[in-house]
Each structure stands twice: as structure tokens, then as C-alpha cells.
């Protein structure tokens, strides 16, 4: 089967986008399928459709819980069960996954259950040209004697290109080329080391140093390259380079050898004399950095020493280039080949691919209950594995290819005999000594559903204090089921019903797992005293079984309402003054504070207390009835203006209270009261809109009295001819306080007589108090000023209308 994919890849900074037409080679045989994809595919790219390639139904992928397993637990590929497509989970860098290994492939398995099946999937990751060649060193420096003959070689090592195939390193170039040329030497791993060969003798006197540019080119289109500079210093008179006793040294070492182990010793001699014959050894730059860090060489003796850890399972073979250089700058190179010997140092690794937590007791023999994969990274007999399970259990291990092992039922199961099996799987290799690994499996035997849940009580009752926070836990109903596992799992359901025409779910909720009943919102005792509902307990069997219980919730009252003062009415636009005549006796009823509390029980019991008072010895308030009475005889020394603050407090815990302020005027005449309370009105700014309302009120009152009684008009004309007092109009008409009819104890009927004169000028008016008999008077807080008497000449300019009227309260 051939599938074409169009992939876009950002390979390197010099190329914006490359469109790759690739063919995915898919081969399905014996439960195996292979794909080929380029590296650096975008996350979510389609690798192939495993369902189509294996001929599987999509429903089989879902019912079998198909999933991908990878040996190293790194998930680069994921399976979409809905479409059957294999998708890349992230970008895959071939160089990071496989380095130089070709072909580079991911070996994964797809596991399915019911029945258990597995398929091997091989995904080859092909290389793209996304890496430029590079040198390990930033620059090369050589000291070359001027006596160096043509043909002398200087090892430059090699450039490293992580790409492979046609994209790998292809060629080198050296500039300028008038004195040196390049030679390539093949290595055992297929790479090529570069050696710089002197073509023409050097003359230190004419040129003491040279700078060359070595460039490495990779394959692909466009061609990527890397460069490094070569600095050459010409030395004088050293015409013999060191010579190794042999060009290739071979040695072996066991893996996990200790640090400091001497591997071998290289030796080179120089026929020169003096300092030119002193040879220094070092590891060539041609060796990769991670390999060079594992080994080190004694510069003087040539001993090659292990400086790190070697692991056969990671690298089994090393090739190291050693260079010997004399003091004159001449050098030579040899190769050391190191083979790593395997030892049995890895225990078998057991990976559980799939396990059934529970099996029905009527399962047939041969049913697979678990699947696992066992690996040992050692080689040879050290990697051969044998697995066993504990005795006297109705299960057996069945081995298949690729170290996959399945655990199957061998005999008929009986839950009444054994409800649970603890199975221990032990795997050992064939090494000496043998290494072991084990894994434990716990398998439950499931039952059938034949018992309904049973509540601890058939009727529950609970109390909740009102004003609770939403989400408050009230209590928990509990039911148990004699069945096992899912059949015994009880879920709690609130049965649908109504409370006052509203669904009960608006009041409470039941946690489906714990049976905890919580309040959905805050309850108010004044609206709801109690309510009933039913809770159903249902198990998880098929078909499910259930039972019911009745729950009654009672709401308890809480002191959550502050007392409300009904009388005297508190208003911000006026001041209420209660008048007490100076002849009042002890126990004289000044007024009565009336308040209510909407709570119930002792939370609604009210008490009255004097909080602040101008003269505490003059007044008292009834603790239960709120009546304000005089404590002693009123005298002339008592201030006219008295202010009382009464606190109304309920009996709740904690208690709540309200405060009412009462102004009391100790006086026998209304003008005396007005003069004393004038300072209240001077604190308000003059408001022109009050003039309009005053004119309107005066006009309406005048018309009513003109039409009603002719006698009033005669009196007004008579009064108009008398001497009048003019006051600047800024006051509202007196407002008669409203006393609720149920509070007769604080309401006294009195007659008020007023003389009122109005003029055509809106600011010239007169309101004269004739006979004050009432002890309750409302004085406006608006401006109420007394106008100086005008001259008689000015009186003729205004036409005044006067009315005499009385109010009875």
C-alpha cells in the first residue's frame, strides 16, 4: 500500500519552506505494519491509518480500548480511536533519536482488549537536510618547522554532520591551496578524517605565519557548509616528527569498569635531539566530545586511562585517535580500538501492558486477564528470560514472540471460594549469577447484582438555622449494599418534588457518592418553617436496584432582623418636637416609642432604654412599653430644648437594636418653641423651590376658606387692617404627625388655632400661633425667619389675605 503525504518543514534559516512529497510505505503481515515518515513533522501530522492498514473496524478500536505502547515510555505517536489514524504527538528529530544509525525506526505496539490483541508497528524516520556540518573546535593552531618536507601531514580531524545519507558530509575544501592540500582517510565507522598535507616547503623568513580556511560541505539542496580557521606558525629547524611503534592499538574493557582503569599505553619516538625530541601525547580533536570525556591520556607516559563509565548496552565499541607532538611542532597519530565486554548487570524489566482489575466468576478458561512485556538489555545468555507464577492458582503464563507474555485463566473460577487473587510474576535471566525481577497483580472476582441498598433509617430529621451560607452541609444519609464492587456502589438521588410550588432541588442537593445533603441557598424562617423530600439510594448494578428514605428539614429562627421604629417617624426634612408644659406633673406622658421586630420568640421581645438625654433626671422610658414620662416636676430652670435618644433592643443572641432621637420642648407657648428651635433652620441653605410650594399651599388654603366660610373672609379683612407682623417666607406649613390608631396611649387630641396672612409678594407672609394647647408640634427645618416690622408706608404696597383656621388632632 502506498500513501502520499505533503509535509511542510522549516529546515534551517536559509530556507523558508520546503514541500516534501513522500510516500508512506505500508506493509501489513502477520500483525505487523510499517510506515515511513520524514523527521520534523509538525505535531498532529498523520502518520497513517492503522485501522485501514490492518483491516480493523473503528468500533473495534473503541471497544478494545486500543492504545499505543512504546518500550522506552516516550510517546511520540498517539492513536485517534475515532478515525483510526496514527498522529505525531511532537516533532521528532532523527538525529536526537538515532544519531548516525540507519535506518532510524520507532518500534511500537498497539494493544487491544476483549479479546486482547497486539500489533507491531514500525515507523521509519527518514532524514531531511536540516543540519549544517560543524567542527568541534573553533580554530586549529599548528606550529610547523620550516624544515618540514613536502608531504608532511597534519591531522585536522573531521567535521560532524548529524544528517545521514545524501544529506551527510560530502566533501572538504581548503583555501588558499598554494602550500597545502587535503587528504581524506576512511574510518571503520564510514567517516573520513581530514589530513592537511604540506605541498611546498615553508620559509619562516619570508612568512612566519599562515591562516587557512577549511570548509566542509554537506549534501542536499541547498548545500549547507561549516568553516574553521587554521592558524599556522612556522618554526625553525625541527625536521623529524614523532613515530608511533604501531599505527593501531587494540584493547578490551568490561562494562562498569572502575574509573582510573588503565586501558593501554601508546608509545612514539622522535629522532631529534634536545627539546625537539620530547614527545607529548593527547587525544585528537577528531574524537567526539562525549567520547573524549570518557577517556584521558597521560601526556608524558602515553597511558590511556578510563575517566568515566562505559555501558555495553549503550556503546560497545570505541575508536580513539591519539596524537604525539614534539616540541618543534611536528606530530603524528595512531588509533586505539577499544571493545567493551558485556556482563550480566541488567535485571529483566517487566512492563504491564494491560490488566483486568476484575473478572466475572463465569469467565471461560483461556480468557486473557493480563498482558505484559519482559525485556533484558543484556546480550547473549544474559538476555534470555524465563518467567513463572505462584503455584495453586487457576492461571497460567503463555509466552509469545518478542517477549510478550499473557496471563490466562486455566481453570473455572469460583468467587465464593476465592474473591481475590494476588498473583506474583517472577522473571529471571540466564546469566551467572542470574538476576531476577517480579511484579504483583491483584485480581478481583466480580459478583452479580442481587441486593438492593438499605438505608440506616427510613425517616430522617434535621434542623437548620436560618440565614445559613449556601452550600452548608446539613447531614448525611447512609445506605449500604451487601453486593460487591460496582454492584455495591451506592449513588444517592434527590427525588423530584415541590415545596411551596418550587422544585425541592432549589432548596437542597444530595451528593451522589457520599449522601451528604447540602443547602442550595440561604433559608428564611419568616418564609419557610419546614419541608419534606425523599432521597433514593441506587446501586451500580445492571439492572440497578434502589430504595427510598424520607427526610424532614426544620428551619430554626435566628435573630436577623433589627427592630423597626414605627413612631415617632424619623424624617430628614423636619424636626419632631414633643411639647411638655412647665406645669407638667411627675409621670406626665411625653410620648410613646412604638417599634416592632419581625423575628419570633425571644428574638422579637423588645426593651426600651434611654441612651442619651439632655437631663437624665427629668425623663424616663418604660422598659417594656416605650412610654416616655417625666420623673420629676418640670421647673422654670429646665432648658426649653431637650433631646432624648432611645435605644430599642431585642432579646436575641446577639441582640440587635435601633436608635430613635426625640426633641422635647419644655415650654408653654408656641413662639417660645419657635425661637428656641430657630437654630435648626439656620443651618439649611435657602431653597427657592420652597417659595413656590408655600405660595401654592397658601393659595389653596385661602381659596378653601373663602368659599367655605364668609365669616373667615370678614375676619381676614379685619385682621388686615390691624398691625401685622411680616415674616420672610421660607417655611413649610406645619405637618401634623401621623399617629397609628393602635397606639392610643401616645395620642392626645388637642386643638391648634393659627392666624395666617398671605401677600402678593411670595416672600412676604405671616403665620401667627394664637393658642397652643398641643404637646406635639412639627417645626420645619427649612428657613423660618422673623421679618422686621415694615413701615406703614410699605404696608399699602401689598394686598394681604388673612385666614383664621384651627386643626383638631
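Keep in mind that glycine also has a Cβ here, set from the backbone N, Cα and C atoms.
Copied over from TrEMBL:
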type     : residues : note
SIGNAL   : 1-31     : signal peptide
DOMAIN   : 29-135   : domain 'Cadherin'
DOMAIN   : 136-244  : domain 'Cadherin'
DOMAIN   : 245-350  : domain 'Cadherin'
DOMAIN   : 351-455  : domain 'Cadherin'
DOMAIN   : 456-565  : domain 'Cadherin'
DOMAIN   : 580-677  : domain 'Cadherin'
TRANSMEM : 692-718  : transmembrane segment
### Task
Output the single range from 29-135, 136-244, 245-350, 580-677 maximising the number of Cβ pairs under 8 Å to the domain 'Cadherin' (456-565).
580-677
### Query
What is the pLDDT of the domain 'Cadherin' (351-455) when averaged and given as a whole number?
86
### Query
Quick one: DSSP breakdown of the domain 'Cadherin' (136-244) into helix, strand and coil?
3 helix, 57 strand, 49 coil
### Query
Can you tell me how the residues of the domain 'Cadherin' (456-565) break down into helix, strand and coil by DSSP?
7 helix, 52 strand, 51 coil
### Message
DSSP-wise, what's the residue breakdown of the domain 'Cadherin' (29-135) into helix, strand and coil?
### Response
16 helix, 43 strand, 48 coil
